[in-house]
Each structure stands twice: as structure tokens, then as C-alpha cells.
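Here is the structure we will look at.
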Amino acid sequence: MTSLPFPLSPEPDEASREAGRLLFAGPCDFVKGVTTMEALPPADRIEVCFAGRSNVGKSSLINALTGRKALARASNTPGRTQEINYFALGPSRYLVDLPGYGYAEAPKPIVQRWQRLLKGYLAGRQTLRRAFVLIDTRHGVKSVDEEILTLLDRSAVTFQVVMTKADKVSQAEREAVLDQVRGALKKHPAAYPELVMTSSEKGMGIETLRTIVATLG
């Protein structure tokens, strides 16, 4: 039987699920928002980052993971949220919220500044264990997503695709988008070979993603 490329991550076992629950049940506090490499906090713990197109549901996912309704705040103004936001998850982890990309309305200087910061962060952050790239299940991988995936390849940063808003499409539509995403990921050597299907609204996949973050060492 031929194995499916980029299968969905399996449901965690009880012990792994508990490790994820305990990690995210602890304190999670906003540390700082940075716009320059010099302002990054000390690289003294493991960190994971979340990247995605604007309106992909990144803030909702971070809030669902941490069980806090307003920890990460979305901006409805194009180009406004151009900081790397750091959250301390207990004493051992940073959750890093990267600025949403893909705003056509954002002024060019802001976009260029963000691109420089992102490239510097991905290339120079030795404690970064994984990037979670969020893809809207309604739309699949877009050309603007390809840009960030290629940048992650070049930076040799392992990334894992997290499908968002899975409750907004039918099962048939979901399978079609998964096929498209799997085809796109075959071209990217830095892609972790499992996908996570989520819905922040319904809680789908949240335990699985918590477990993944907890097991990264």
C-alpha cells in the first residue's frame, strides 16, 4: 500500500496529550513586539513561530492554543501589525507571532522592512525549532505563501503546514485542497512531512498542535 505524502498528524496518545495540555495550561504572557533584530529577546529558550497570510486565522489559532481570548490580537488595518510579537509560554518556550503577509494595500517601504526583518529572524535565530505556516483550507497554497515557503527552505528552517478554518468547507472540498497543498509541498525540502488540520472555532486539531509544540526539544 502506497503511503500518502504529507499525511495528517496522528492523534496524540494520552501521555503526549497530557504533556501538551500541561504546557499550555501554564502562564503565557506577552513579552514584547520587535521591529529590529537588535530588539529580539535573549535566545535562552526554544521557540516556535507562526506565519501566515493576513486573515488566515493566525491570531485565533494562537488564542485557541493558549486558551486566552485576546492574547494575540488581529489588526483589521492593512500593514499595521508589522512587529514580531513574542509570548513566553512558561519558562521553556517562546511562541512567536510573525506579521501577516500578503496585504496588497501595505505601503512598499513597510513591506520591504518586514521582509528584511523576517529574513534576518529566520536566518539568525538558532533557538527556532519549527515554523508553523498557516494555510486557509478554503484557499490552499497561494503564490504569496510560496514566497515564505521558499524563504524557509533557503533559511533551512523546518516548517509544518497548519490548515486553518477547516470547519468552513465540506469534506470533499477539504480533500481537494489537501491534494493541492501536498502537491505544492513536494517542492520544498524544509517541509515537515505531516500536516495539521485545525479549526479554532470548533477546537479541531488544537490538542494535536499543543502536543507537537510540547515535544519539540
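Backbone N, Cα and C atoms are what each Cβ position is placed from, and that goes for glycine too.
Listed in Swiss-Prot for this protein:
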DOMAIN    44-217  domain 'EngB-type G'
BINDING   52-59, 79-83, 97-100, 164-167, 198-200  GTP binding site
BINDING   Ser59, Thr81  Mg(2+) binding site
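Known features from Swiss-Prot, placed on the structure.
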residue : record           : contacts (Cβ under 8 Å, 6+ apart)
Gly52   : GTP binding site : Lys58, Gly100, Tyr101, Val133, Leu134, Ile135, Thr164
Glu83   : GTP binding site : Gly33, Val34, Thr35, Pro99
Lys165  : GTP binding site : Val56, Gly57, Asp136, Thr137, Arg138, Ser199, Ser200, Glu201
Thr198  : GTP binding site : Leu61, Ala64, Val162, Met163, Thr164, Ala166, Met204, Gly205, Ile206, Leu209
Based on DSSP, name the secondary structure state of Ser59 (Mg(2+) binding site): helix, strand or coil.
helix
